[in-house]
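Asks: Per Swiss-Prot, the feature active site, proton acceptor maps to ASP8; the stated evidence is sequence analysis. The feature active site, proton donor is assigned by Swiss-Prot to ASP131.
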Amino acid sequence: MLLIPAIDLKDGRCVRLRQGDLDEATVFSEDPAAMATHWLDLGARRLHLVDLNGAVAGKPKNDAPIKAILDAVGDDIPVQIGGGIRDLDTIESYLDAGISYVIIGTAAVKNPGFLQDACGAFPGHIIVGLDARDGKIATDGWSKLTRHDVLDLAKKFEDYGCEAIIYTDISRDGMLSGVNVDATVRLAQHVRIPVYASGGIAGLSDIEALCAVEEEGVEGAILGRSIYEGALDFQAAQARADELTQ
């Protein structure tokens, strides 16, 4: 079970949002590269970056902190990034810079052909981010709820050749209200590629619940507010996950 610290970038800072609301940002660090090094030192095996300004603008907006993070930890662990990735040139520039995985969210839903092209052009490097509320997909930084069913889209995107799916229950994200294990397992059972849980992970019991369903295809979790506010000790959580799943 891979536990992945999240670094959400807004205006060059490391922040956390509540339910995706940009106006509800808590600043946790003015130095995202130092934060990346902090998680590496605590044993993180991968980092999850989100360009929040980019997600709104539809193009990368935090180039300097992203470069600083890659300079700090890029030789040591894989780094994945999402937010505002709408064209193949952006993907190529990220991969050339040292990013290991690029996460496509809104663009995959609005323009499936783009996702298909990306999976073909950069096999093994494309992860799809599916953000949902009550089983329906949300787009545009979660501001728009669609009629698309999560399971249907996941299967379609798997067929395109994406590497993995990050599933976020947006009603729980940043709320520390507990991970939606049932919905995550339903999705994982529906596809053959790895699924990573995101949103609402509040403490060790959530990690243990996810470890119990690893064999269903839930292979990891993105950790945000819980590890920044101290509700979850990252080192202890990864150690417990290793104990339960190895």
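Cβ coordinates come from backbone N, Cα and C, glycine included.
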Asks: Give the sequence-ordered list of residues that share a chain with the residue listed as 'active site, proton acceptor', lie 6 or more positions from it, and have CB atoms under 8 Å from its CB.
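Replies: Long-range Cβ contacts: CYS14, VAL15, ARG16, LEU17, LEU49, VAL50, LEU52, GLY224.
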Asks: I'd like the Cβ neighbour count for ASP131 (active site, proton donor), meaning other Cβ atoms within 10 Å of its Cβ, all protein chains included.
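Replies: By my count, 25.
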Asks: I want to verify one value. Collapsing DSSP to three states, which class is ASP131 (active site, proton donor)?
Replies: strand
